[in-house]
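According to TrEMBL, the region 'Disordered' annotation covers 51-122. Taken from TrEMBL, the feature compositional bias 'Low complexity' covers 53-69, 78-98. The compositional bias 'Acidic residues' annotation in TrEMBL covers 99-110. Per TrEMBL, domain 'UvrD-like helicase ATP-binding' is recorded for 231-542. The ATP binding site annotation in TrEMBL covers Gly252, Gly253, Pro254, Gly255, Thr256, Gly257, Lys258, Thr259.
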Amino acid sequence: MLFHVGEGDYILVDVRKRQHVYDNLDRFRYEVNKVTGALEIFGIVASRDVVEESPGTGEPSEPGAAQETGEPEEAEEAGQAAPGTAPETRSAPTADADPALEEAATDEAAPETPSTPASPPLFADYTAEQLRELGVAEGLISPALALTTENGLLEMVYGAPSHTEEVLLALADGNGFDQVLQNITGPVTAEGPVDTSDFSAALARPATRVTTSDTDLREVLEDDFSAWKVFLHPTQEKLVERTYRGPARISGGPGTGKTIVALHRVKHLVQQLPRGRNKAVLLTTYNTNLAADLRHRLLDLAGQDVLDRVDIVNIDKLSFRIVNESGQGSHGRRPISDDQVALEWRSMLTELGEQHWPPEFLEDEWNQVILGQGVRSRSEYFRARRAGRGQRLSRGQRAEIWQLVERFTMRLEEKGRWTYRQVAQAAAQAEGERAAKILANREREAQEGGQFLHRPDESMTNLRFRYEHVVVDEAQDLSSAHWSLLRAMVDQRENDIFLVGDTHQRIYDNRVSLGALGIRIRGRSSRLTLSYRTTREILGSALGLLGEEDWDDLDDGADTLSGYRSVLRGPRPTFRGSPTWAAECEAVVAWAQDLLQNAPRDTVPSIAVAAPTKREVDAVQYALSKAGVRAASLGKEGPPAGFEQAVHVGTLHRFKGLEYQHMAIAGVSEGLIPRAGLDRLRESAPTRYRHELQKARSLVFVAATRARDSLTVSWHGDPSPLLPKTAVRAAAGEEEARVDDGGLFQPAGTLF
Ligand SMILES: Nc1ncnc2c1ncn2[C@@H]1O[C@H](COP(=O)(O)OP(=O)(O)OP(=O)(O)O)[C@@H](O)[C@H]1O
């Protein structure tokens with residue numbers, strides 16, 4: 001079935017048996033969207049909810065039914081495209097194509113769930129004119145207004161153009177007209193008037209997204225990262241190409257494409273640079289393995305020439321580099337891990353017989369207040385901000401703490417050790433001094449009319465800021481010292497710093513106020529809300545894990561995930577308790593074996609298991625290997641070479657930034673998540689206690705949102721108190737999970 005666009009251009013809409021095409025032809029619509037200017041080809045789905053309005057036969061239809069393989073629709077939903085496949089050709093999947101839909105379809109047809117004619121229309125608050133203004137496809141406006149159930153809506157949007165789908169789901173999720181107009185329709189609104197009869201012009205517009213759900217084609221495209229070279233969502237594209245008058249920040253829930261945007265931004269910035277050989281752009285992140293991953297992806301996306309202009313390094317390595325170069329206090333000292341630091345505090349206080357200040361409190365005060373604010377002297381500490389620390393300190397108390405901290409740093413120094421935070425602090429200081437010199441030179445040069453009358457030291461006048469642009473991924477995990485370091489590496493001007501991150505995924509205890517560090521993002525913050533990775537079902541359960549905590553925006557304000565959504569669907573996550581750890585391991589092995597055995601021929605599904613600590617990781621890996629399942633544990637640099645396709649097992653921390661088709665989170669038990677002994681902090685270091693709890697939630701949230709298709713969460717003994725009660729009860733068979741609730745629990749304001 002071909003659509004003739006004009007001249008010699010055709011679009012492949014679908015490949016089906018001839019009779020099928022004839023039978024279903026009248027269910028297809030094509031139109032140029034008056035608002036976005038996109039060419040949209042779509043099927044009208046007959047749901048009972050909209051049956052009167054639908055021009056189809058009334059039976060649950062499968063126009064074009066491209067879904068023969070049972071593959072989830074990720075590529076299609078994601079707006080990814082294959083040249084020569086149909087723009088916005090969307091079809092209602094057949095029942096056998098997708099288990100989740102099968103359930104929905106069965107549910108729809110079941111006599112016990114009749115549509116209630118009395119229930120008000122879902123979009124009762126909106127008029128046809130408003131839906132039109134938001135860019136809902138003309139042919140779907142009246143069917144949409146007639147909808148009364150969420151299932152009907154979900155069924156209908158499967159056949160709808162994706163812009164219509166996004167708008168309707170966002171409205172149903174509780175976003176208001178203005179919000180949807182601004183966030184969803186605004187970015188894709190056509191520039192200039194739209195001629196709805198000019199298909200060629202429509203095809204050339206970025207809003208015309210060419211998509212495919214053909215598995216073979218998808219494999220060709222997805223095999224390498226190059227698919228994303230071409231197709232960013234227009235909302236993402238605008239963020240990439242915009243000129244910002246200062247630092248800019250992009251936030252958004254997991255899988256919304258923040259990393260993709262950061263990579264495209266780097267490419268864009270390099271392309272604007274004058275010719276040269278230096279590495280003028282810094283791309284940095286927290287973890288070593290993510291930095292390596294960014295390098296591969298940037299090479300795929302932009303090629304060697306772009307890569308040659310970019311310095312890609314994780315932030316701690318960069319700090320070491322600066323410290324070594326400047327000689328600032330390194331003296332051959334070796335870094336010490338956070339766990340070792342905690343032990344050192346404990347030993348020192350015991351040796352001193354000091355009982356007044358708990359070690360956790362002192363450690364936190366040192367990290368968050370003293371190192372966190374770059375405090376360098378006792379008098380600076382007297383003036384340091386302690387807002388939100390939960391405990392007021394008198395001058396005398398501050399003096400005592402300062403003395404203990406000084407002792408502690410001396411102790412580490414004597415042992416030839418220092419913490420990563422200290423290294424970052426030293427690097428920030430060295431780089432800050434360098435920046436101050438550059439600015440002083442500049443001022444002198446300006447005063448002396450562009451030339452130095454008294455030429456100072458040559459090396460000083462040649463000093464330049466190290467980078468033209470800085471781009472940061474996983475920004476939520478960087479500390480104040482890291483930000484001070486980055487601030488000093490780039491001049492304060494247009495497009496200086498571009499950062500992407502999500503504070504709901506903060507898994508290292510670094511909290512910052514960017515404005516106070518000279519990184520002013522106010523007015524230059526944007527949020528991505530559509531997840532391209534996770535299904536609605538997984539997303540719902542993952543959001544439930546976040547509880548009722550408050551989340552910051554890196555700048556003394558609050559962040560939220562409101563409007564965060566997915567249009568992908570899949571099975572509900574499973575939750576399972578086992579009596580013992582051994583039994584839980586067995587269940588995890590059976591789960592992996594089942595996935596491997598049932599994978600389509602010649603494919604190896606990507607599978608991972610996350611667990612709280614190295615101990616559980618080793619046990620799971622051992623159990624998998626013993627059962628003949630190829631497994632490897634994730635190290636600092638990712639999986640060992642040659643084990644890319646094995647089942648990956650790692651601590652929760654290791655999964656940041658990664659994604660897998662199937663994810664298991666094991667050991668979500670009381671005493672493991674959050675770790676045992678945390679209660680001790682409740683009294684001694686209440687702020688830290690709160691932050692540790694939040695961090696534990698974020699860790700599980702990060703792991704859960706790595707899953708693309710399926711998620712399973714398990715525990716042994718008592719479940720973690722962080723698991724929502726409904727999940728635990730349902731796992732124990734005490735409560736039936738509702739078929740239509742999408743997950744086992746559902747965050748407020750989220751539609752399933
Ligand atoms: N416009 C797009 N079209 C299709 N797929 C996309 C698009 N943008 C991102 N993706 C895909 O979505 C997935 C998540 O993207 P990415 O890793 O950039 O998200 P993220 O926001 O950085 O996630 P996290 O916060 O969890 O690390 C990737 O598989 C990516 O290729």
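We count from 1, first residue shown onward.
Any Cβ shown, glycine's included, is placed from N, Cα and C.
Since we're looking at a predicted model, the values are computed, not measured.
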Should Thr256 (ATP binding site) be counted as helix, strand, or coil on the basis of DSSP?
coil
Select, from Gly253, Pro254, Gly255, Gly257, Lys258, each of the binding-site residues with a Cβ positioned under 6 A from at least one atom of ligand 1; if none does, say none.
Pro254, Gly255, Gly257, Lys258
Where among the binding-site residues Thr256, Thr259 do you find the Cβ with the fewest other Cβ atoms within 10 Å?
Thr259
Sort out the sequence-distant neighbours of Gly253 (ATP binding site) for me: same chain, 6+ apart, CB within less than 8 Å of its CB, listed by position.
Asp502, His504, Leu528, Thr529, Ser531, Leu539, Leu561, Tyr564, Thr705
I'd like the number of other C-beta atoms within 10 A of the C-beta of Gly255 (ATP binding site), please.
26
Determine which residues of the same chain, besides Gly252, Gly253, Pro254, Gly255, Thr256, Gly257, Lys258, Thr259, have their CB within 8 A of the center of the CB atoms at the recorded ATP site, and list them by sequence.
Asp502, Leu528, Ser531, Tyr532, Arg533
How many other Cβ atoms are found within 10 Å of the Cβ atom of Lys258 (ATP binding site), counting all protein chains shown?
26
Averaged across the domain 'UvrD-like helicase ATP-binding' (231-542), what pLDDT does the model get? Just tell me the whole number, please.
89
